[in-house]
Amino acid sequence: MEFWTFFAAKPLMWLIVTIATFIVTSWFNRRIGGTPLLHPVLVSLSLIIVFLLLTGTEYETYFEGAQFIHFLLGPATVALAVPLFDHLERVKKMLLPLLVACVAGAVTAAASAVLVAQLMDAQIGTLLSLAPKSVTSPIAIGIAEKIGGYPSLASGLVLITGAIGCILAPPIYRILHIKDEAVKGFALGVAAHGMGTAFAFEYGLMAGAFGGLAMGMTGAFTAFMLPVLIPLLGL
Amino acid sequence: MLIGLLVLLLFQFVGELFVLAVGVPVPGPVVGMVLLLGCLILKGEVPDYLRLPSEALLKHLALLFVPAGVGLMVHFKLLQADWLAILVALIVSTALTIVITGLILNRSAKKLHQMSGEG
């Protein structure tokens, strides 16, 4: 028990737990055929949450160790420029359809989420926090603050959306006969931001590059679009 | 490898500075990505020292979302109140978004394939 009290307070402990859990869940996911329903990110974060709750550990304590991994999201986002450059010819050829698809997707994501929740009598704070849910967390937090939602709830909804997108995308692509890597990646990036992009990299580097492009475009567009759309939805 | 990592961090830094100076609601790393892409276009190729760390980071992109994902535990109470409305709204709108984005792009992707004769 004394060992536990000692190590539970060390950042090193939570860094090890995060990486080890992810390695095991990735291995497990490959063994059972790579189903997105048990995506390593989803399984890892569920297991770690249960572990933290069982041991009575605060999220802040956990994050002191896990922040070293979290920090790498910044340079990894910058690094998306490399696969994008590799597929620049493809991006140039599809520029106009990409813009149209991004605008249509971003408006659909925000408007349909708010309308469905409104029909089901959700509170106004929930509605405003739902609006930016398809956008990467740092942008979503900024938008929620601006339009009057709860930033903490908004960032949570962003993550759930990311998970749902990774689960729904493969069956939708099968039903609609979508086989093109670039299309698969871009739609994942529009609907499910960075988590969708990470998932798209499993289809290949090109899918990942288009996912990253979609994430950036959707984030920037939504930040300007929502303050206009929200009054139109009667909120 | 080390130089490449420094390049990534520097572009992120310049991106953060830009956001701070201009006050746009876009994250610094996204601006950094656009700037780096611009520089790569000017240079015409990706140097090996940059490709190595970039592809290493992107290969493990999924892992990087775990720490923030665990943060969901903080929102349990907020989620309890409207959980059914939230869940239905998220599933319906995420599915719709993927369908609409995918269908729009799939049409133009097919045209591209026909033009270049890839079938």
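The backbone N, Cα and C atoms fix where each Cβ goes, and this holds for glycine too.
Annotation source TrEMBL lists transmembrane segment at A:12-30, A:37-56, A:68-86, A:98-120, A:153-173, A:185-206, A:212-233.
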Close approaches to the transmembrane segment (A:153-173) from elsewhere in its chain (Cβ under 8 angstroms; 6 or more beyond its ends): 36-37, 39, 41-42, 125-126, 129-130, 132-137, 140-141, 143-144, 179, 184, 187-188, 191-196, 199
Non-local residues, at least 6 beyond the ends, that sit with Cβ under 8 Å of the transmembrane segment (A:68-86): 11, 15, 18-19, 194, 197, 205-206, 208-209, 212-213, 216
Contact call for the transmembrane segment (A:212-233) and the transmembrane segment (A:37-56): at least 3 Cβ pairs under 8 Å, seq gap 6+: no
Among the ranges A:37-56, A:98-120, A:185-206, the one whose Cβ pairs under 8 Å to the transmembrane segment (A:12-30) are most numerous: A:37-56
Positions whose Cβ lies under 8 angstroms from the transmembrane segment (A:98-120), at least six residues beyond its ends: 91, 126-127, 130-134, 186-187, 190-191, 213-214, 217-218, 221-222, 225-226, 229, 233, 235
Sequence-remote partners of the transmembrane segment (A:37-56) [C-beta within less than 8 Å, at least six residues beyond its ends]: 4, 8, 17-18, 21-22, 25-26, 28-29, 62, 163, 166-167, 195, 198-199
